[in-house]
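See structure below.
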Amino acid sequence: MNVKIEGRRKIRAKVTIPPDKSISHRSIMIGSLARGTTEIENFLFAEDCLSTINCFKKLGAEIEIKNDKVIVKGKNYSLSAPQQVLDCGNSGTTTRLLLGILSTQEFEAVLDGDSSLRKRPMKRVTQPLGQMGACFEFLEKEDCLPIKVKGKKNLKPIDYTLPVSSAQVKSALIFAALKAEGKSVIKELPMSRDHTELMLKSAGADIATCFENGFYKIEVMPSNLEALKIKVPSDISSAAFFIVLALICEDSEVIIENCILNPTRTGIIDILKQMGADIKIKNVQIQNGETIGTIVAKTSSLRGATVDKNDIPRIIDEIPILAVAAAFADGKTIIDNASELRVKESDRIKTTLEMLKNFGAECYELENGLEIVGSRDNLKAGVVNSYNDHRIAMAASILACAVDGESTITNAECVSISFPNFYKILLGHSKKV
Ligand SMILES: O=C(O)C1=C[C@@H](OP(=O)(O)O)[C@@H](O)[C@H](O)C1
Ligand SMILES: C=C(OP(=O)(O)O)C(=O)O
């Protein structure tokens, strides 16, 4: 699908942003592993989370949709051998967390995914899970899907420091550690999103977290999980597109309610504010152990900034849209120490730079990041390939709204991975000036 966007738009609206993808995945997983019936309100019905539902149905979990809620009947960590390949689609989160969960099950299962997911590295989870006693076989290419996994009851506990911060790796190990024969210790620096820890604690797991010698440390004891009642807040990674839209378009304001504001996710707000953005946070509350609130963003004059390396995990999915904001800012923005971007749905260092260049921006590739020399005057309409990466398609579409002329985004259907009604909301709420 190609989407054409007439530029020079403005937006003044309250926007309903879709539910959080990370929490939606985890709600199905924890619900399937718990004792009792989990009820999920405001679940994200987007392709990545549907891949998680489909995999857990194949593993015997009973999952149904009733009055807009997802109801999951838990299997108390006793899943059934799947009769078919578990298709993880485009979703890294589904794959890596599932590899941790299946490490605790005694049957064999095969996981596969689409052509993008088949290129993404998996040894980062299979290596430590192998140390715990699970067996993995790469069926086609070393480090990649398709993978055969055979788990084990009574895994060995692990004491492991993550080489690179990753919520997916950490979560895979925690799910396995819940069924190990003793206490596991997992450390990371800097800390990545902690939804798994928070949700598992509310499900009754014996998990303790603290900071020690600068490292974020998680101690996991063998535990059973109890069913949860979850209301999923809006996803700040999706909200980020509309926040930046308001900042870079003239005479604009966007209001986003019930958005997740967990401090491991709000790097985008902090960095945009550092760049001079007019963003206000209101109505801060705690819901299901997570901080949520209202975000108000208005048209702003932005200046370049250098992103602190400790903030990279806090903005990892927002870097393409942060780069768009940087293209409109005065001066240089440097986003370095972000080698993880090379192994996302696309090489997001390359695809973000190609996107910006197609709109006329001055920007350069660093070994592990990007440098953008912002200037609104350089920017004009362009034709951009998303390379089937949802975050690139959405970032390009936002940029297109703020420049003169008509732009085209090719392969734009991939927005359905995380934000199926993105274009309806974008083109419905923003108007030509
Ligand atoms: O755990 C999660 O829900 C996620 C973790 C991040 O990946 P990494 O753990 O690979 O950094 C992020 O990029 C992804 O979109 C969602
Ligand atoms: C990287 C992402 O997701 P995943 O790793 O789950 O595919 C993303 O949504 O930007």
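Every residue gets a Cβ built from N, Cα and C, even glycine.
3-phosphoshikimate binding, as stated in TrEMBL, involves K21, S22, R26, S166, Q168, D317; the candidate among K57, K141, K187, K344 given for that site is K344. R120 (phosphoenolpyruvate binding site) has K344 nearby among the binding-site residues S22, R26, S166, Q168, D317, K344, counting only those with a Cα within 10 angstroms of its own Cα. Each of the binding-site residues K21, R391 was scored by how many other Cβ atoms lie within 10 Å of its Cβ, and the smallest score goes to K21. Packing around S166 (3-phosphoshikimate binding site) is summarised by its Cβ count: 20 other Cβ atoms lie within 10 angstroms of its Cβ, all protein chains included. When the alpha carbons of Q168 (3-phosphoshikimate binding site) and G92 (phosphoenolpyruvate binding site) are compared, the span between them is 8 angstrom.
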